[in-house]
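Asker: The structure's right below; bear with me while I get my questions together.
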Amino acid sequence: MSESTTVDNVSVDNKLIPNEVSENSQKNNQDDGKENVENIENNKEEKGKDEKAKDDKVKMWKLDNFEIGRNLGKGKFGNVYLAREKISHFVIALKVLFKEQIEKFQVRVQIKREIEIQYHLRHPNILRLYGYFYDDTRIYLILEYAARGTLFNYLQKQKVLPDAVAAKYLYQLTDALDYCHGLGVIHRDIKPENLLISVRDDLKIADFGWSVYTPDSRRQTICGTLDYLPPEMISQSSRSYDSKVDHWSVGVLVYEMLVGSAPFGDAAPKNTLLKISQARFTIPDSVHKKAADVIQSLLKIAPSARASMSDVKNSEYVKEFYRTSE
């Protein structure tokens, strides 16, 4: 890392990315993940043909390749910055993780898993990980930039979502999870904080730190957020589970999008766990009947009884409120 480049001060060689990027620029940015990352490679026409051919095979990124802009968010293990590749001007989100924090909280396996899994996933509703690099003290993840932030922040402002919006997000989420599960990948931490919204108002699954590749289809590790944990992950008799844990989380999410709170929320964590174990919740009359049917089809104690992602994607609720051709 060069002396003139400092991530902490959000500057690179005294050049700053504007705090806001035009919507047209971001629409182009979000259009297609594969085309976008290829743009970064293909815009290096100054190099000789032999050197470019070599670069196309393996791209070794470094911090000097990017102009670093404003801070998009701070976390326990590092920060996320708006950034731009210097040659193509392609805008990305640069996630900077501090190795010291990773070791302190013993999450090296999670970080490695996040990189390995997310890097190989290709779906329009999964946040792209274009690449990564590291130095002596930090790990850098080159991520797709979702201009509208997290679904959590959106829900904080809106409280509840219109059926047209909720149905759209539900369709996109279940389509992406169907893709993941088909590859043997369980996310295990679906919640509003881990879902991002693009400038085109498309939902993107992010944060694969808790996800896992499970060719044997069953796991026994407890993870995720309390309000979104399914019964099988808190059961004292059996903590074995499969991809159906994500189905439960989708049900909780639909409820929260339409009601404004989680179905099993309680001031006392033990009461939350009790409600989850019994699948005890009440759907307000304000929730559309077809949406209530979706919620009830997913929040089943028995994992095998939960609706499939394909069934939810093609549910009467989605059909009525979201037209995929739009």
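The backbone N, Cα and C atoms fix where each Cβ goes, glycine too.
As annotated by TrEMBL, active site, proton acceptor applies to D189. TrEMBL lists K76, K95, E144, Y145, A146, E193, N194, D207 with the feature ATP binding site. Residues or ranges marked as compositional bias 'Basic and acidic residues' by TrEMBL: 29-52. Annotation source TrEMBL lists SUMO2 cross-link at K191.
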Asker: CB neighbours of the residue listed as 'SUMO2 cross-link' within 10 A?
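Answerer: By my count, 20.
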Asker: For the ATP binding residues given in the record (K76, K95, E144, Y145, A146, E193, N194, D207), what is the largest pairwise C-alpha separation in angstrom?
Answerer: 21
Asker: Please state whether DSSP places K95 (ATP binding site) in a helix, a strand or coil.
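Answerer: K95 (ATP binding site) sits in a strand per DSSP.
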Asker: Sorry to bug you, but what's the C-alpha spacing from the residue listed as 'SUMO2 cross-link' to A146 (ATP binding site), rounded to the closest Å?
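Answerer: About 16 Å separates the two Cα atoms.
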Asker: Quick one: of E144, D189, E193, D207, which of the recorded positions has the smallest count of other CB atoms within 10 A?
Answerer: E193
Asker: Work through the binding-site residues one by one (K76, K95, E144, Y145, D207) and name whichever has its CA nearest to the CA of the residue listed as 'SUMO2 cross-link'.
Answerer: D207
Asker: May I ask which residues of the same chain, at least 6 positions away in sequence, place their Cβ under 8 angstroms from the Cβ of K95 (ATP binding site)?
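Answerer: When sequence neighbours closer than 6 are ignored, K95 (ATP binding site) has G78, N79, V80, Y140, L141, L143 within Cβ distance under 8 Å.
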